[in-house]
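**Student:** Here you go, one structure.
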Ligand SMILES: Nc1ncnc2c1ncn2[C@@H]1O[C@H](COP(=O)(O)OP(=O)(O)O)[C@@H](O)[C@H]1O
Ligand SMILES: N[C@@H](CCC(=O)OP(=O)(O)O)C(=O)O
């Protein structure tokens, strides 16, 4: 019985489950997860797997005790990725496909659409997509940095109904249970606010990366796109039996009733601003009408260098973040018209060239 009524899910598996002793891969904990994937597919639920573990899987191939510089970690990822994929592959009698991504890929709308299409095509052909960050090619500027956030971006790209984050702990506690004996498990989170973030500490295991903070960030991204999100203990089979029975075995983050549209969600949570357009403190953005989102006379300053089509942050002079949006003007052109003393010239120019930001390419942000 598919009581959750899911058509497509993303399962994220943390490093501790794949390389529990930090010494190569082990299928010990993956068996239960693999069985869950098989049973989901048998029920007609499409599955996308986001698997960490390449660094942990490759670690034993490098000299023990040697300094783990970024270059060494990238090499570990390159070496461990094949073993990690091979370990998963052995557990299935259907084909799996490797997809390695960076944030540089996901924040580019064209590449994002291409990734989406590839995932859909693989699923149509009953092939299991296995996704990881392409650690070998990332730089600070290009990386997502953790697979929790990556899994939420993937869940959005895949239009998933649920995101299941399998960790080494039962779910989100009100404080880190490894350091507080009286920590209590939260079984349901309806709203992710600063109090929820304050509960989260970093990773305490030698293999994990982001701890609970990045899992909450991921949940925030996913629920705003209407995706049921769970943090569960991947070590125990009971977790997966409960999920299959439609029960919550860990922490359930409840999705928003009115989810953001895919494009707006991508703009807010995945794309990265290449510059900032500072507007007057009295400017209000209203996406309910078709009019221009901002006019040149409302611009106080243009910061950074961006090209036509790049994402920009629109904020007030007092620092309030109003929106992320696609700019139809380059930073040079925008500075040029914003600097015009002759307002008639500026507005005529804008009328001829078109809106600076169009209503369909903007995602409003909460006040920060
Ligand atoms: N409030 C909290 N609730 C649960 N775990 C927490 C909390 N704060 C910090 N943690 C730590 O987060 C760890 C899980 O994150 P991480 O080690 O990154 O795992 P993974 O490899 O599954 O991503 C837990 O083992 C725990 O040590
Ligand atoms: N991309 C990295 C994993 C990064 C990561 O987020 O790890 P984890 O916290 O174990 O999910 C790797 O494959 O080693």
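Indices start at 1 and increase along the chain as displayed.
Cβ atoms here come from the backbone N, Cα and C positions, even for glycine.
Note that TrEMBL annotation is computational and uncurated.
Copying in the features that TrEMBL gives for the protein in this structure:
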DOMAIN    7-233  domain 'Aspartate/glutamate/uridylate kinase'
BINDING   12, 167, 168, 209, 210, 211, 212, 213, 214, 215  ATP binding site
BINDING   52, 135, 147  substrate binding site
**Student:** Under a criterion of Cβ-Cβ distance under 8 Å and sequence separation of at least 6, what residues of the same chain contact residue 12 (ATP binding site)?
**Tutor:** 49, 50, 51, 52, 147, 148, 150, 151, 163, 164, 165, 166, 218
**Student:** Would you mind sorting out which binding-site residues among 135, 147, 212 put a C-beta under 6 angstroms from ligand 2?
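**Tutor:** Near ligand 2, sequence order: 135, 147.
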**Student:** If you compare CA-to-CA distances from residue 135 (substrate binding site) to each of the binding-site residues 168, 212, 214, which comes out shortest?
**Tutor:** 214
**Student:** 135, 168: which of these binding-site residues has the highest Cβ count within 10 Å of its own Cβ?
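**Tutor:** That would be 135, with the highest Cβ count within 10 Å.
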**Student:** Among the binding-site residues 12, 135, 147, 212, 214, which have a Cβ atom lying under 6 Å from any atom of ligand 1?
**Tutor:** 212
**Student:** Among residues 52, 135, 147 annotated as binding substrate, what is the maximum Cα-Cα distance? Answer in Å.
**Tutor:** 11
**Student:** For the domain 'Aspartate/glutamate/uridylate kinase' (7-233), what's the model's average pLDDT?
**Tutor:** 94
**Student:** Need the DSSP three-state call for residue 52 (substrate binding site) to compare against my parser.
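**Tutor:** The residue in question, residue 52 (substrate binding site), is coil (DSSP, three-state).
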**Student:** I need the most crowded of these binding-site residues: 52, 147, 214. Count other C-beta atoms within 10 angstroms of each C-beta and give me the top one.
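**Tutor:** The residue with the most neighbouring Cβ atoms within 10 Å is 52.
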**Student:** What number of additional C-beta atoms lies within 10 angstroms of the C-beta atom of residue 212 (ATP binding site)?
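**Tutor:** The answer is 26.
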